[in-house]
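**Q** Sharing a structure, written as structure tokens. Questions coming.
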Amino acid sequence: MDDATNKKRKVFVSTILTFWNTDRRDFPWRHTRDPYVILITEILLRRTTAGHVKKIYDKFFVKYKCFEDILKTPKSEIAKDIKEIGLSNQRAEQLKELARVVINDYGGRVPRNRKAILDLPGVGKYTCAAVMCLAFGKKAAMVDANFVRVINRYFGGSYENLNYNHKALWELAETLVPGGKCRDFNLGLMDFSAIICAPRKPKCEKCGMSKLCSYYEKCST
């Protein structure tokens with residue numbers, strides 16, 4: 001890795017960590033390391049907004065304190081409880097199946113092994129990384145569409161048009177996650193992508209790394 005590339009990566013990580021420390025958003029699920037709560041919340045957050053999930057969060061976890069509570073509750077009742085966030089029947093079915101497998105195969109506790117988590121029904125690479133990082137403190141890149149967009153824009157070049165499943169993008173993402181700061185970095189990048197490097201009308205003038213950003217350079221010429 002040449003000096004310029006190394007500097008660009010260091011500035012990226014430093015900017016994201018600084019943003020987390022100064023401008024992060026606050027959601028109730030960020031105040032827990034409970035693997036059950038984190039895993040279920042990730043299911044609830046899919047294809048909806050954090051704002052919608054926030055509205056049902058407290059009530060949901062008061063009623064459903066563990067996988068056993070989900071499994072013993074009729075699907076129709078769960079769907080009714082999460083109706084506000086959308087796709088309620090589909091989510092309720094996913095939650096029931098997930099609860100069944102975790103109870104039958106792991107005694108009702110989320111496994112700590114990455115492969116075991118990935119093998120759970122409805123769990124993909126992002127959700128697995130979220131559980132590994134946010135619940136178990138393991139180094140893992142939480143790569144989603146927002147993560148991809150920021151990498152595409154900032155690093156540009158051979159990374160400019162890489163899609164979510166491209167191996168090179170995941171390899172870069174994993175190298176960016178700083179040891180001991182996995183949670184801060186992943187959540188910081190999530191917030192940065194929502195507030196600064198938004199899909200439309202990014203606030204480049206407020207970005208701490210715009211001088212090294214390929215997207216900003218292209219837009220400025």
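Cβ atoms are placed via backbone N, Cα and C, with glycine included.
Annotation source Swiss-Prot lists [4Fe-4S] cluster binding site at C197, C204, C207, C213, citing similarity to another entry. Look at Swiss-Prot and you will find 105-133 tagged as domain 'HhH'.
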**Q** Please compare the binding-site residues C197, C204, C207 by how many other CB atoms fall within 10 Å of each one's CB, and tell me which has the fewest.
**A** C204
**Q** 10 Å Cβ neighbour count around C213 ([4Fe-4S] cluster binding site)?
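**A** I get 24 for this one.
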**Q** I want the residues beyond C197, C204, C207, C213 whose C-beta is within 8 angstroms of the mean position of the [4Fe-4S] cluster site's C-beta atoms, in chain order.
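**A** In sequence order, the nearby non-listed residues are R153, Y154, I196, P202, K203, M209, S210, Y215, Y216.
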**Q** Which of the three DSSP-derived classes (helix, strand, coil) applies to C207 ([4Fe-4S] cluster binding site)?
**A** coil
**Q** For a three-state summary based on DSSP, what are the helix, strand and coil counts in the domain 'HhH' (105-133)?
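**A** Counting residues by DSSP class gives 16 helix, 0 strand, 13 coil.
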